[in-house]
């Protein structure tokens, strides 16, 4: 079986615990059939850091972009969106950088930066279209504006994935209409995710990805503890039950979906 963690933050795992280093993390992942990883950047300095940390590992892919909660800080550093956009363009052409992001909108933690977030989100989409690379979208308490901007910026030209999806079926359908994929995280294993699971059951298998978002959102039975890519197996297992499909078949389909979207 071959599983791909389509969204993780390998640099943020807790490497201070006994026997916890990147080699141990990868070994545990391989033992759980997780064999490729997309480690996602959240700002420019973070991108440089993850590329430096993991450059010798050929199973790790990268994205380059600015998380919506980091937009204000990055604008202060780069002064203009144009300067930042040029930096993202440059870095996104580096080997093994297969996507832009994570970008998007987060109104849960920061509603006073809506305009900056929206401007950055639009610019990521425009760059992605120029570079012919997909985008990784973060959306929290902002479904309506997220869809609106994706539609207005013709994001079907670059496509992408809505990571750690928690939306309703109507939102899912609009994303699918744009050619986007929907990624399931450990949230689907939570007891209070019944409505989400009903939605996931309706989404075509050929448009689903799986992710840990580690070190966040640990799935059951590890909820409340630090997450890691090895736990993707439990997300895949739960999703296979939801979709009433053998887990090996699910692994094959989600791996194929990942390779199709990210052109690898």
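Including glycine, each Cβ sits where the backbone N, Cα and C put it.
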Among 33, 138, 248, Swiss-Prot assigns to the divalent metal cation 2 site of 102, 163 just 138
Close in space but at least six residues away in sequence, with Cβ under 8 Å from that of residue 213 (divalent metal cation 1 binding site), the same-chain residues are 7, 8, 9, 163, 164, 185, 186, 227
Around the recorded divalent metal cation 1 site (7, 9, 102, 213), other residues with Cβ within 8 Å of the Cβ centre, ordered by sequence, are 8, 40, 136, 138, 163, 164, 211, 214, 216
Taking only the CA atoms, the spacing between residue 138 (divalent metal cation 2 binding site) and residue 102 (divalent metal cation 1 binding site), expressed in whole angstrom, is 6
In all the protein chains shown, the tally of other Cβ atoms within 10 Å of the Cβ of residue 9 (divalent metal cation 1 binding site) is 19
